[in-house]
Amino acid sequence: MREAAERRQQLELEHEQALAFLNAKQQEIQLLQQAQVEAKKEHEGAVQLLESKVRELEEKCRVQSEQFNLLSRDLEKFRQHTGSIDLLGSSSVALLDVPLAPGKPFPQYMNGLATSIHKGHEGPTGHYSVIGDYIPLSGDKLESPCVKPSFLLRSSSPRCRFESEMDNDRNSNNSKQSSSGKVHLCVARYSYNPFDGPNENPEAELPLTAGKYLYVYGDMDEDGFYEGELLDGQRGLVPSNFVDFIQDNESRLAGTLGSEQDQNFLNHSGISLERDSILHLHSPTQVDSGITDNGGGTLDVNIDDIGEDTVPYPRKITLIKQLAKSVIVGWEPPAVPPGWGTVSSYNVLVDKETRMSLALGRRTKALIEKLNTAACTYRISVQCVTSRGNSDELQCTLLVGKDVVVAPSQLRVDNITQISAQLSWLPTNSNYSHIIFLNEEELDIVKAARYKYQFFNLRPNMAYKVKVLAQPHQMPWQLPLEQREKKEACVEFSTLPAGPPAPPQDVTVHAGATAASVQVSWKPPALTPTGLSNGANVTGYGVYAKGQRVAEVIAPTADGTAVELIRLRSLEAKAVSVRTLSVQGESMDSALAAIPPDLLVPPAPHPRTAPPPKPLASDMDTKDQHLGPHVKVDESWEQSRSPGPAHGHMLEPPDMHSAGPGRRSPSPSRILPQPQGAPVSTTVAKAMAREAAQRVAESNRLEKRSLFLEQSSAGQYTNSDEEDGYASPEVKRRGTSVDDFLKGSELGKQPHCCHGDEYHTESSRGSDLSDIMEEDEEELYSEMQLEDGGRRRPSGTSHNALKILGNSTLMGRADRMEHVSRRYSHSGGGSHRHRPAMAPSIDEYTGRDHLSPDFYDESETDPGAEELPARIFVALFDYDPLTMSPNPDAAEEELPFKEGQIIKVYGDKDADGFYRGETCARLGLIPCNMVSEIHADDEEMMDQLLRQGFLPLNTPVEKIERSRRSGRGHSVPTRRMVALYDYDPRESSPNVDVEAELPFCTGDIITVFGEIDEDGFYYGELNGQKGLVPSNFLEEVPDDVEVHLSDAPPHYSHDPPMRSKAKRKKSVHFTP
């Protein structure tokens, strides 16, 4: 029982202990439950707090999206207001038709835009390589891409800006852009750390990273800074020459990749525009598809780096495992823009041979077998197969096997010009970026998956060494150490020597500032910052019409100049071209620009102020004073490009290269053309006989001429109030050109002057002007006619006339060019006393100290002279009243004119020696000693001369006379001749006035008048048209053909000795 009681007590004690332990456990459980509840509450509170923060962030995101959309709408409105932006460079054009996929949101485009533009690097010698940094998205002028701007200084007084000329142009464009809106989106052109700059408060400026976007507000301040804001909200000052404005969403950037299929020579991402927009690049050569941009070698390819015409390519190819007989490679899918197209599969290639094709969606890995990596090297490539073609295999490639190194292989330089070249290579791994060195100086970095590079702004005829250094994205541990260390490859090349510059573009012709000129405009060719085009130093531009330079401007950047209409009309030019002038020569002609027809029509002449003329008895006798209807001007008065022979008579064609362009051919002025085809022996024999006969005739004429001059020099002059009179038989003289006449009369030689008591002066209006002597000049357009008697001079002063002795036809043809060259020289030695009106002295313009009158016409005064109609004069010299006239009112009262210009004159000259004349629809005064009269007795002849506008001074007088005689009813022998060859003067004639010659075909029968002239030409008629025909193209009609020939020798009727003739008048200013 005792044991049972002890047992029971023990059990109760254990029970109590168990209850106590249980209570303790229960309390512990309660504490744990309470802690759990508290932890749950705390968790719920934290979750609620996080949820509220998330809601706040979402709200901020929504607000920012709305702000961004608002800015996008503002940009769109701005684009609509300003219109499409014309980004025309000054030369070659790169057309980018690579728009983004339709429907792609602009914010999505902006998210990746920052990766597509990067900083450029300056070349070793001031030359800059790629045009990718050269994307001016605003303004009209483009400048060199790679010149890094100098810092802008902000100071209280004075404010200084040190910018290059290029950046000044850009900033001026930027200021125009910034003034048209409140907020503008910009992209940083260069990286900028304010603390490295020269300004005292760098904390007020924003740090910039090349290619990143930012906003600017308002206008640029006077120091050249904008107030800007980065995309992260940071605000501050932004230097204007470190940013580029983004015009609108048309200027979207998209990557364009180098591919052999589309000949894309560029090595970086490019700009993509919508399909209706074109980007014009300012570069010496045309680039096909994009603008290069310098990247840093990242492996991440943004969707926006894929252009519309670029096939997306696989990315990040990796060598997973390399075995003795096989390799395993992997890659990532391509970045395909929405709506671009579909990618159906991948092709895996080994040395350009397709080994397998994997469907899209399967694992992007491939096991390539049947390789011998221990003994051979293989190029593994992966390309995408899409609905728009396959991607470029070199954009996803790597080398495996034996002797693989990091350095690229097969460096090549192609498309070498004077200032550009294209570099290409094969990368060891498409994930590698590459650093380009030019002449041992780092030039640029080419991003991954690019293997081509374009050099620009190189120097002509210079040797370059290019080094390409590969930069692996990660260390290729699978390669041995010595193969890993081989990272660079080199190539050398030389640019071409400087060649002729490029011609201007877009040549146009429109009305000029005055009625007497037209404005020719063009777009200059692309010039480097140093003013080179194709390596040639551009100096200016020349305007050409029918191969002759009619205007010139010396300015490399000129885009237009004025051209005198008189020159164009005298050449009968319908179009003009422009050439670029340089030290190395002229460029090719630009595209022809048509001259508007309304500008070429001469203005209608003013109504005549003189009363109708009275009929004169001698009117019918002055027909011989007319210019022939076939004598026209086909070249400029200023220069003639037709060369001529050095001797007087020749039937064989002269050497066409004996005289350079721009020279007037010595007399005779007409050159016999060369017939094309087999010569006819009889024709040659007859031509030689005619030439011999001409020499004999010429010798006789010279003897008679010499005899006449001796007789005339021995004659006595009339004194008192009578004009000079001559008595001599008629002498048939050889044809002398108008230029020879002028040379023999006023300019040809130093005259024999009478000084002292032998010379008496006459005054005009009491002025002390050097006397204007007035005599009748023997008319050289007709046979020399000596007449007795004369008329009384209006002045009572008597004087002795001065004459030049010698044969004007023989007076130094060799020095004729010298005469032409010095005709425009100005001595500047004479002093003038300004009077109300003065006639300029000839000696001012010819560089001679003394000049006397030479030949004067002998004519009679008609009582009705004041009622004569308007007369036609030809200018003997160039005359510009502004620079050559001593009169103070010259600019308003006197008319300018050019040598050889036809001038319409009303009435007689006044007491001061001035005519009242009209040129270019303008009335004014004409100095009488600068012009010479040409008589035209009928309206048709006068109208023809006025329409012609110019009379070439090398027009042979005998041919003018012959043309005149052809219209008179004199008895002239005629013959019929057959043409042996086809002849078109405009194509075959070496002469200037091709309109004076007749075209004909083989077998045509031509009626010729008179004998052959000293130049080897007949005057003939064909199909009602009259003109000159070359004798060596003709043969007389055989005897068995019926022809009517005159047996009488050719002759011309002469006027009776005492017949009154209307003479040319000319006043010469004489300085004793």
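Note that the numbers count up from 1, one per residue, in the order the chain is shown.
Keep in mind that glycine also has a Cβ here, set from the backbone N, Cα and C atoms.
Between the listed residues S180, S391, S859, S988, Swiss-Prot assigns phosphoserine to S859, with no corresponding entry for the rest in that record. Per Swiss-Prot, the annotated phosphothreonine among residues T125, T718, T861 corresponds to T861.
The candidates are S144, S852, S989; Swiss-Prot tags S852 with the feature phosphoserine.
The DSSP breakdown of the domain 'Fibronectin type-III 3' (503-604), given as helix, strand and coil counts, is 11 helix, 49 strand, 42 coil. Broken down with DSSP, the domain 'SH3 3' (972-1039) shows 10 helix, 29 strand, 29 coil.
Averaged across the domain 'SH3 3' (972-1039), pLDDT in this predicted model comes to 85.
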